[in-house]
Amino acid sequence: MPKILPGETDIYAITDPNYSLGRPLEEVVRALLSAGVRIVQYREKKLKAGAMLEECRLLRRLTREADACFIVDDYVDLAILAEADGVHVGQEDLPVPEVRSLVGPDMLIGLSTHKPEQAQAARGLGADYIGVGPIYATHTKEDVVDPVGLQYLDWVHSNIDLPLVAIGGIKEHNIADVARHGARCCCLITDLVGAPDIPAKVAALRKAMRAGQ
Ligand code: 3NM
(Lines of atoms letter the chains of each structure in order from A and count residues from 1; the text may use other names and numbers.)
(Lines give C-alpha, C1' and ligand atoms only; values in the text may rest on other atoms or scores of the structure.)
Protein backbone atom coordinates (compact mmCIF):
# COMPACT_ATOMS: atom_id res chain seq x y z
CA MET A 1 0.00 0.00 0.00
CA PRO A 2 1.27 3.52 -0.67
CA LYS A 3 2.07 5.62 2.38
CA ILE A 4 -0.54 8.18 1.47
CA LEU A 5 -4.09 7.37 0.44
CA PRO A 6 -6.76 9.37 -1.40
CA GLY A 7 -8.83 11.09 1.24
CA GLU A 8 -5.81 11.54 3.51
CA THR A 9 -4.28 14.41 1.61
CA ASP A 10 -5.70 17.69 0.40
CA ILE A 11 -4.79 17.91 -3.29
CA TYR A 12 -5.08 15.07 -5.83
CA ALA A 13 -3.55 16.14 -9.13
CA ILE A 14 -4.57 14.68 -12.49
CA THR A 15 -2.36 15.18 -15.52
CA ASP A 16 -3.72 16.23 -18.89
CA PRO A 17 -1.46 17.28 -21.77
CA ASN A 18 -4.25 19.40 -23.30
CA TYR A 19 -4.29 21.81 -20.37
CA SER A 20 -0.63 21.93 -19.38
CA LEU A 21 0.29 25.08 -21.34
CA GLY A 22 2.46 23.00 -23.66
CA ARG A 23 4.87 22.02 -20.87
CA PRO A 24 6.32 18.49 -20.89
CA LEU A 25 4.67 15.99 -18.55
CA GLU A 26 7.87 15.59 -16.55
CA GLU A 27 8.11 19.33 -15.87
CA VAL A 28 4.48 19.48 -14.72
CA VAL A 29 4.77 16.48 -12.43
CA ARG A 30 8.08 17.63 -10.96
CA ALA A 31 6.46 20.98 -10.16
CA LEU A 32 3.48 19.27 -8.50
CA LEU A 33 5.70 17.02 -6.40
CA SER A 34 8.06 19.83 -5.42
CA ALA A 35 4.99 21.71 -4.16
CA GLY A 36 4.19 18.75 -1.92
CA VAL A 37 1.33 17.18 -3.87
CA ARG A 38 1.13 13.57 -2.66
CA ILE A 39 -1.22 11.99 -5.21
CA VAL A 40 -0.73 12.13 -8.96
CA GLN A 41 -3.00 10.43 -11.47
CA TYR A 42 -1.87 9.81 -15.05
CA ARG A 43 -4.75 10.58 -17.41
CA GLU A 44 -4.05 10.29 -21.13
CA LYS A 45 -6.53 9.64 -23.91
CA LYS A 46 -4.54 10.01 -27.12
CA LEU A 47 -1.11 8.38 -27.06
CA LYS A 48 -0.38 4.83 -28.17
CA ALA A 49 0.06 2.21 -25.48
CA GLY A 50 3.85 2.00 -25.73
CA ALA A 51 4.26 5.74 -25.26
CA MET A 52 1.80 5.71 -22.37
CA LEU A 53 3.75 2.95 -20.66
CA GLU A 54 6.95 4.99 -20.94
CA GLU A 55 5.22 7.99 -19.39
CA CYS A 56 3.75 5.86 -16.62
CA ARG A 57 7.18 4.47 -15.79
CA LEU A 58 8.59 7.99 -15.66
CA LEU A 59 5.82 9.11 -13.31
CA ARG A 60 6.28 6.00 -11.20
CA ARG A 61 9.95 6.89 -10.75
CA LEU A 62 9.23 10.53 -9.89
CA THR A 63 6.40 9.75 -7.47
CA ARG A 64 8.40 7.02 -5.77
CA GLU A 65 11.31 9.42 -5.21
CA ALA A 66 8.85 11.89 -3.68
CA ASP A 67 7.01 9.26 -1.60
CA ALA A 68 3.84 10.13 -3.45
CA CYS A 69 0.99 7.91 -4.55
CA PHE A 70 0.75 7.16 -8.28
CA ILE A 71 -2.54 6.24 -9.88
CA VAL A 72 -3.30 5.40 -13.52
CA ASP A 73 -6.63 6.37 -15.06
CA ASP A 74 -8.55 3.64 -16.91
CA TYR A 75 -5.68 1.41 -18.04
CA VAL A 76 -5.35 -1.58 -15.72
CA ASP A 77 -2.58 -3.09 -17.83
CA LEU A 78 -0.47 0.07 -17.62
CA ALA A 79 -1.07 0.33 -13.87
CA ILE A 80 0.21 -3.23 -13.39
CA LEU A 81 3.19 -2.89 -15.72
CA ALA A 82 4.27 0.45 -14.25
CA GLU A 83 3.80 -0.82 -10.67
CA ALA A 84 1.38 1.99 -9.89
CA ASP A 85 -0.16 2.28 -6.43
CA GLY A 86 -3.63 2.42 -7.88
CA VAL A 87 -5.93 2.46 -10.86
CA HIS A 88 -8.98 4.66 -11.29
CA VAL A 89 -11.99 3.53 -13.30
CA GLY A 90 -15.28 5.04 -14.39
CA GLN A 91 -18.75 3.53 -14.36
CA GLU A 92 -18.39 2.32 -17.93
CA ASP A 93 -14.86 0.96 -17.69
CA LEU A 94 -13.97 -2.57 -16.58
CA PRO A 95 -16.11 -3.43 -13.51
CA VAL A 96 -14.32 -3.08 -10.17
CA PRO A 97 -14.48 -6.81 -9.28
CA GLU A 98 -12.83 -7.71 -12.60
CA VAL A 99 -10.21 -5.02 -12.06
CA ARG A 100 -9.56 -6.45 -8.58
CA SER A 101 -9.05 -9.91 -10.05
CA LEU A 102 -6.37 -8.47 -12.32
CA VAL A 103 -4.53 -6.16 -9.92
CA GLY A 104 -4.63 -8.26 -6.76
CA PRO A 105 -5.46 -7.22 -3.20
CA ASP A 106 -2.88 -4.50 -2.69
CA MET A 107 -3.48 -2.05 -5.51
CA LEU A 108 -5.90 0.78 -4.78
CA ILE A 109 -9.00 0.96 -6.95
CA GLY A 110 -10.79 4.28 -7.32
CA LEU A 111 -14.26 4.46 -8.83
CA SER A 112 -15.94 7.54 -10.29
CA THR A 113 -19.48 7.97 -8.99
CA HIS A 114 -22.16 10.47 -9.95
CA LYS A 115 -25.28 9.38 -8.07
CA PRO A 116 -26.34 7.78 -4.78
CA GLU A 117 -26.75 4.23 -6.10
CA GLN A 118 -23.24 4.28 -7.53
CA ALA A 119 -21.73 5.64 -4.32
CA GLN A 120 -23.65 3.09 -2.22
CA ALA A 121 -22.51 0.20 -4.42
CA ALA A 122 -18.82 1.12 -4.45
CA ARG A 123 -17.71 -0.55 -1.23
CA GLY A 124 -19.44 -3.84 -2.04
CA LEU A 125 -17.73 -3.88 -5.41
CA GLY A 126 -14.35 -3.54 -3.72
CA ALA A 127 -13.44 0.08 -4.45
CA ASP A 128 -10.99 1.69 -2.02
CA TYR A 129 -12.15 5.25 -2.63
CA ILE A 130 -14.72 7.04 -4.74
CA GLY A 131 -14.61 10.09 -6.95
CA VAL A 132 -17.66 12.30 -6.41
CA GLY A 133 -18.46 14.60 -9.29
CA PRO A 134 -18.65 16.66 -11.24
CA ILE A 135 -19.21 19.07 -8.36
CA TYR A 136 -19.39 22.00 -10.80
CA ALA A 137 -19.69 22.19 -14.57
CA THR A 138 -16.51 21.20 -16.39
CA HIS A 139 -15.43 20.98 -20.01
CA THR A 140 -12.35 18.92 -19.25
CA LYS A 141 -14.06 15.55 -19.54
CA GLU A 142 -15.96 14.72 -22.71
CA ASP A 143 -18.77 12.44 -21.55
CA VAL A 144 -19.44 14.30 -18.34
CA VAL A 145 -22.84 14.25 -16.59
CA ASP A 146 -24.62 17.28 -15.08
CA PRO A 147 -23.03 18.76 -11.95
CA VAL A 148 -23.95 16.94 -8.74
CA GLY A 149 -23.53 20.04 -6.55
CA LEU A 150 -22.51 20.67 -2.96
CA GLN A 151 -25.62 19.27 -1.28
CA TYR A 152 -24.97 15.94 -2.93
CA LEU A 153 -21.38 16.09 -1.70
CA ASP A 154 -22.73 16.65 1.83
CA TRP A 155 -24.92 13.59 1.43
CA VAL A 156 -22.04 11.37 0.30
CA HIS A 157 -19.83 12.66 3.09
CA SER A 158 -22.48 11.76 5.70
CA ASN A 159 -23.72 8.49 4.24
CA ILE A 160 -20.94 6.65 2.45
CA ASP A 161 -18.27 4.86 4.43
CA LEU A 162 -15.42 5.15 1.93
CA PRO A 163 -12.79 7.85 1.40
CA LEU A 164 -14.07 10.38 -1.13
CA VAL A 165 -12.34 12.72 -3.50
CA ALA A 166 -14.32 15.60 -4.97
CA ILE A 167 -13.81 16.37 -8.65
CA GLY A 168 -15.10 18.51 -11.49
CA GLY A 169 -14.82 22.27 -11.99
CA ILE A 170 -12.97 22.76 -8.71
CA LYS A 171 -10.87 25.91 -8.74
CA GLU A 172 -9.14 28.28 -6.36
CA HIS A 173 -12.27 30.45 -6.08
CA ASN A 174 -14.63 27.61 -5.08
CA ILE A 175 -12.41 25.03 -3.35
CA ALA A 176 -13.18 26.47 0.11
CA ASP A 177 -16.87 25.68 -0.46
CA VAL A 178 -16.01 22.14 -1.54
CA ALA A 179 -13.94 21.66 1.62
CA ARG A 180 -16.77 23.12 3.71
CA HIS A 181 -19.13 20.49 2.31
CA GLY A 182 -17.07 17.51 3.39
CA ALA A 183 -14.24 17.07 0.89
CA ARG A 184 -10.88 16.65 2.57
CA CYS A 185 -9.35 15.72 -0.79
CA CYS A 186 -10.01 17.60 -4.04
CA CYS A 187 -9.03 16.48 -7.54
CA LEU A 188 -8.16 19.14 -10.06
CA ILE A 189 -7.02 19.23 -13.65
CA THR A 190 -7.28 22.61 -15.38
CA ASP A 191 -6.85 24.97 -12.46
CA LEU A 192 -3.77 23.04 -11.34
CA VAL A 193 -1.81 21.66 -14.30
CA GLY A 194 -2.87 24.73 -16.28
CA ALA A 195 -1.46 27.17 -13.74
CA PRO A 196 1.58 29.12 -14.97
CA ASP A 197 3.15 28.83 -11.48
CA ILE A 198 2.15 25.40 -10.17
CA PRO A 199 3.75 25.65 -6.69
CA ALA A 200 2.08 29.04 -6.11
CA LYS A 201 -1.24 27.54 -7.21
CA VAL A 202 -0.85 24.57 -4.85
CA ALA A 203 -0.14 26.94 -1.96
CA ALA A 204 -3.20 29.06 -2.82
CA LEU A 205 -5.46 26.01 -3.14
CA ARG A 206 -4.29 24.68 0.22
CA LYS A 207 -4.84 28.00 1.92
CA ALA A 208 -8.37 28.22 0.50
CA MET A 209 -9.15 24.63 1.53
CA ARG A 210 -8.02 25.28 5.08
CA ALA A 211 -10.24 28.35 5.20
CA GLY A 212 -13.21 26.18 4.24
CA GLN A 213 -12.62 23.39 6.76
N1 3NM B 1 -13.92 13.22 -13.86
P2 3NM B 1 -11.36 19.90 -14.09
S3 3NM B 1 -15.03 15.50 -13.74
C4 3NM B 1 -11.76 13.62 -15.03
O5 3NM B 1 -17.14 13.80 -12.44
C6 3NM B 1 -13.04 14.09 -14.46
O7 3NM B 1 -15.99 11.97 -12.50
C8 3NM B 1 -15.03 13.83 -13.43
O9 3NM B 1 -11.33 18.40 -14.57
C10 3NM B 1 -16.14 13.16 -12.75
O11 3NM B 1 -10.68 19.98 -12.76
C12 3NM B 1 -13.50 15.40 -14.47
O13 3NM B 1 -10.55 20.63 -15.12
C14 3NM B 1 -12.77 16.57 -15.03
O15 3NM B 1 -12.79 20.34 -14.06
C16 3NM B 1 -12.05 17.37 -13.98
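In case you wondered, yes, glycine gets a Cβ from its N, Cα and C as well.
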Same-site residue for 4-amino-2-methyl-5-(diphosphooxymethyl)pyrimidine (record: TrEMBL; known: GLN41, TYR42, ARG43, GLU44, LYS45, ASP73, LYS141; options: SER101, SER112): SER112
Long-range Cβ environment of LYS45 (4-amino-2-methyl-5-(diphosphooxymethyl)pyrimidine binding site), under 8 Å and at least 6 residues apart: none
ASP74 (Mg(2+) binding site) versus GLN41 (4-amino-2-methyl-5-(diphosphooxymethyl)pyrimidine binding site) - Cα distance in angstrom: 10
Secondary structure at TYR42 (4-amino-2-methyl-5-(diphosphooxymethyl)pyrimidine binding site), reduced by DSSP to three states: strand
4-amino-2-methyl-5-(diphosphooxymethyl)pyrimidine binding residues GLN41, TYR42, ARG43, GLU44, LYS45, ASP73, SER112, LYS141: largest Cα-Cα distance, in Å and rounded to whole number: 17
ASP93 (Mg(2+) binding site) and LYS141 (4-amino-2-methyl-5-(diphosphooxymethyl)pyrimidine binding site), distance between Cα atoms, whole Å: 15
SER112 (4-amino-2-methyl-5-(diphosphooxymethyl)pyrimidine binding site) and ASP93 (Mg(2+) binding site), distance between Cα atoms, whole Å: 10
